[in-house]
Amino acid sequence: MAAPYRQPEEAVDDSEFIDDHHDHLRDTVHHRLRANSAIMQFQKILVANRGEIPIRIFRTAHELSLQTVAIFSHEDRLSMHRQKADEAYMIGHRGQYTPVGAYLAADEIVKIALEHGVHLIHPGYGFLSENADFARKVEKAGMVFVGPTPDTIDSLGDKVSARQLAIRCNVPVVPGTEGPVERYEEVKAFTDTYGFPIIIKAAFGGGGRGMRVVRNQADLRDSFERATSEARSAFGNGTVFVERFLDKPKHIEVQLLGDNHGNVVHLFERDCSVQRRHQKVVEVAPAKDLPTDVRDRILSDAVKLAKSVNYRNAGTAEFLVDQQNRHYFIEINPRIQVEHTITEEITGIDIVAAQIQIAAGATLEQLGLTQDRISTRGFAIQCRITTEDPSKGFSPDTGKIEVYRSAGGNGVRLDGGNGFAGAIITPHYDSMLVKCTCRGSTYEIARRKVVRALVEFRIRGVKTNIPFLTSLLSHPTFVDGNCWTTFIDDTTELFALVGSQNRAQKLLAYLGDVAVNGSSIKGQMGEPKFKGEIIKPKLLDAQGKPLDVSHPCTKGWKQIIDQEGPVAFAKAVRANKGCLIMDTTWRDAHQSLLATRVRTIDLLNIAHETSHALSNAYSLECWGGATFDVAMRFLYEDPWDRLRKMRKAVPNIPFQMLLRGANGVAYSSLPDNAIYHFCKNAKKCGVDIFRVFDALNDVDQLEVGIKAVHAAEGVVEATVCYSGDMLNPKKKYNLEYYLALVDKIVALKPHVLGIKDMAGVLKPQAARLLVGSIRERYPDLPIHVHTHDSAGTGVASMIACAQAGADAVDAATDSMSGMTSQPSIGAILASLEGTEHDPGLNSAHVRALDSYWAQLRLLYSPFEANLTGPDPEVYEHEIPGGQLTNLIFQASQLGLGQQWAETKKAYEVANDLLGDIVKVTPTSKVVGDLAQFIVSNKLSAQDVIDRAAELDFPGSVLEFLEGLMGQPFGGFPEPLRSRALRNRRKLDKRPGLYLEPLDLAAIKNQIREQFGSATEYDVASYAMYPKVFEDYKKFVQKYGDLSVLPTRYFLAKPEIGEEFHVELEKGKMLILKLLAIGPLSEQTGQREVFYEVNGEVRQVSIDDKKASIDNTARPKADVGDSSQVGAPMSGVVVEIRVHDGLEVKKGDPLAVLSAMKMEMVISAPHSGKVSGLLVKEGDSVDGQDLVCKITKA
């Protein structure tokens, strides 16, 4: 047990403490009576309470040299108050009492006190503090009750009796019932006389429980029943009384102290107006700007009332002050209040010490507490920090506190209970963790201290009200000190909260999951081959001196776009003598080789060097296409955040993105307004050149994207998708086809013409013919050619394009080039160096960049497709480079890995069945899906056609045949189309014409409601990929922003004892070390993972996904299913009001939950029929546990 504080045993002249005639007493404000003094004949005190108030009392008791005794329920056996006492005893035995009932077991508590030689019992507040019978039992047992006499508690603890007392003393009261009210009919009679609004209050007890404001007849009966039920549960007595409810009053209370000789003093007032559900949230002492005459009348009336009943010990007289500064007596609380701390701070008086010493027989004068000696100095403000979630109606949160760091410093006082790391917060008790009291010489200084202290707290593992308190304390009305009792309910902007980011703990949750379960990144095979620090290259100038790359280069082709616009840019590109390079390393290269898995942190790490080395590049292909959804889906990154960061780091090179025409970056057509919205935001965020294509070369589809980019004022690079072999007269797509297509595209006024050879089947001789023919027809039109090096002829083809008149060609850094990626930039530069087509890049700088990527590729080795060389067979199967590696992975996942050759052949078959279509995302996916379908079902081409009416084709195949991807050149294949679609529609125009515009404002509101905030970029992401976006946001809510985590630790756990760093933002670094992974808990299926964070040990509980446990947890309500009703909080079901099959209306009560002394009605979210009721009265539930379903009528 905690050892009490002991003063040195020294000779003391007791007379100096008890002789109230000594002159020096008049010069002393507050004396302490030691336990061995003539008055303090008592040695041991028991506190009949829990949480922070016993700790507060124990501290003073130790200062008075008293021995201390704590009591606790079984559920409270790990609570801090038990450890702060010299002795601690459990109330009864396990299961004998409910968690709250244990602290209401008066006989058992008295029995414990007698058994262990207790002399004084302090009741604290709540529980038995206002129970006169308990006080009588204490005194009857020969002990001293630290509080008023039982008779006083009877007369004042009953608010109706206190009201009658006020009337006799000519103290103004609010109109209300003359006596206790037990029946609904009595309440109804009062409203018939006085009207609404009214307030129903528990006659015994406080803290806002058993209290309801009723504003209309419809809510009267239910409010009466809830108030009486809460009062009975909290105080053991359901009696209530009724008063007229005052609108926007202030709540002012006066701290009183009385002794056994009829002396009463006040310790001035507190302003407790800031309340929620009649529970005080923030208190101020003294009241700011209360008129002096009003203050004097309130203080005088408070003392008058106390003296009229010979009040003994500490108590509080409470008043309401209306907007005309008229005051009305409410009640006297015959106990110490939660907020007594602020009075102590401004008066310097220890109220608890005074309580104990008065109970021992001291007079106020002996304690130096005469009214003329009591004054205030400065201001004090108290906040109650609770485990409540303000964003969910302040529903109490439960769980384990993982991190607890307190505030401190000058003028900060903390009175805590169960606020410590490792504490288990249960639904059984009050949700308060700690009281934070700050004092200052002025109200504003005190307010600023509280705000600072709140920001200083770090509490993780449970939700807290700290963000709300910070918002409240910063509101102009609070700053002015003009709050009223319903200020919180009346001020919705208080709930525009900026919550704590909780970044470290969320990051630990992810790292812990990787430590226990390994990486969950789809497509990852094993751990990285490279685990060292990547060495960044140095760029040298012509004299061999290192370039300063601490800042990015600011000179490049982008400056022409920014300063002169897209048209001038196009003219400048066309006028340029050399053939420019677009570097694809940041997008298509890693898409083709590493499954699009390269993360933002690794791009930014080489960004400044890239801006210098490639300053004369046509563009960096770095965004759009598959990188957009993969960023959210697999890397858990925001693609817009990536774009913003890249743009800042590389301000000089134009950024190019891939736009799938009317699809945006999605896989099927979207309403036109979604495309326009997307392009507008992409341009705003940093994209310069939009390479717009349509997967079927459908010009109607392509036109949507082109017009959207024009509207966004971006550079339009309208693109022809190259497929087949134009030199083969048997092939579908010949030179005439491409030239006719180019004519249609040029009519749409693009700035640049793109040629997209997605499979790498553009042979050098075909390249010369195609590019040369276009150049001849359109001599002023810039041409940019994109290819893949799958067949190994990419370098030759790109050189051929340059020689035929192309203005820009694609390449990738050497170590990320070849095979399904783009041709080698080093090889192209070497081939064109010194010629009229020289790209104008520094080869040494380009090679230096490549040294970084050579290391990085090893870091991403788990995503390699293990291709070993060129595949000229691509001229037969025509699988796009970006799809080939993904198709290999998909085949292995489907169990077709051993049939890869067969899958490639099936790709040719599928392409022919679909009409030899242009193959690029999303149509390439259609062909790939059909190929795998053919292999897995062992079908021939004829089987597919003959059995089309009965086969369950992949969804992408049906969408293509339906026309949702546009119209293919030459039409759809028949009879396959009609047979496969059966009764589905057939579109003969572009799909966007059949789609209603998206309600973008509604989407934004939906995102805001679901995730707390929403930007236009969020709307754009949702429009493209609703489910992917929602899943990503939920992941981030759980694990935070993982883009800051070094890739090695994103993909694999560190070694035990290995230290590594994570830079959360500039100047904020976490120093982490994995310490241990605990054993599997058979009860929970979890393992504890221990990390050291900035030298502090933290732990997280992680579900072991490999463990087989008996999961008896209740099913959770699916928030996406409106028919499912979940519990709004953890608690106990105290009442069920429905049954299966019952028809209910929206808002009808379904059940009542009780948690932390608060009851909450679960209401029907909509009308319908109840089914699947899963709870019964007495059941314990957690937040979001499924209660029932309501099927809409």
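Glycine is treated like the rest: Cβ placed from N, Cα and C.
These features come from Swiss-Prot:
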type: DOMAIN; residues: 41-493; note: domain 'Biotin carboxylation'
type: BINDING; residues: Lys159, Glu243, His278; note: ATP binding site
type: DOMAIN; residues: 163-360; note: domain 'ATP-grasp'
type: BINDING; residues: Arg587, Asp588, Ala589, His590, Gln591, Arg660, Thr921; note: substrate binding site
type: BINDING; residues: Asp588, Lys756, His786, His788; note: divalent metal cation binding site
type: MOD_RES; residues: Lys756; note: N6-carboxylysine
type: MOD_RES; residues: Lys1157; note: N6-biotinyllysine
Given the binding-site residues Glu243, Asp588, His590, Gln591, Thr921, state which is nearest to His786 (divalent metal cation binding site) when distance is taken between Cα atoms.
Asp588
For the substrate binding site, please report the maximum Cα-Cα distance among Arg587, Asp588, Ala589, His590, Gln591, Arg660, Thr921 in Å.
19
Kindly assign Arg660 (substrate binding site) to one of the three DSSP-derived states: helix, strand or coil.
coil
Using the centroid of the Cβ atoms of Lys159, Glu243, His278 as reference, list every other same-chain residue with Cβ within 8 Å of it (recorded ATP site), in sequence order.
Ile199, Ile200, Lys201, Ala202, Met211, Phe241, Ile330, Glu331
Find the shortest Cα-Cα separation between Ala589 (substrate binding site) and the binding-site residues Glu243, His278, Lys756, His788, and name the residue that gives it.
His788
Counting only residues 6+ away in sequence within the same chain, which have a CB under 8 Å from the CB of Gln591 (substrate binding site)?
Gly625, Ala626, Thr627, Gly882
Quick one: Cα separation, His590 (substrate binding site) versus His788 (divalent metal cation binding site), in Å?
12
Give me the sequence-ordered set of same-chain residues, not including Asp588, Lys756, His786, His788, with a C-beta within 8 angstroms of the centroid of the divalent metal cation site's C-beta atoms.
Thr584, Asp757, Met758, Thr787, Asp810, Gln822, Gly881, Gly882
Out of His278, Arg587, Lys756, His786, which of these binding-site residues shows the lowest number of other CB atoms within 10 Å of its CB?
His278
Just to confirm: which same-chain residues, 6+ apart in sequence, have a Cβ under 8 Å from the Cβ of His788 (divalent metal cation binding site)?
Asp588, Ser592, Asp757, Met758, Ala759, Gly760, Gly794, Thr820, Ser821, Gln822, Pro880, Gly881, Gly882
Between the C-alpha atoms of His278 (ATP binding site) and Lys756 (divalent metal cation binding site), the distance in angstrom, to the nearest integer, is 68
Give the distance between the Cα atoms of Arg587 (substrate binding site) and Lys756 (divalent metal cation binding site), rounded to the nearest whole Å.
15
Rank the binding-site residues Lys159, His590, Arg660 by the number of other Cβ atoms within 10 Å of each Cβ and report the first-ranked residue.
Arg660
Among all protein chains shown, how many Cβ atoms are found within 10 Å of the Cβ of Asp588 (substrate binding site), not counting that one?
29
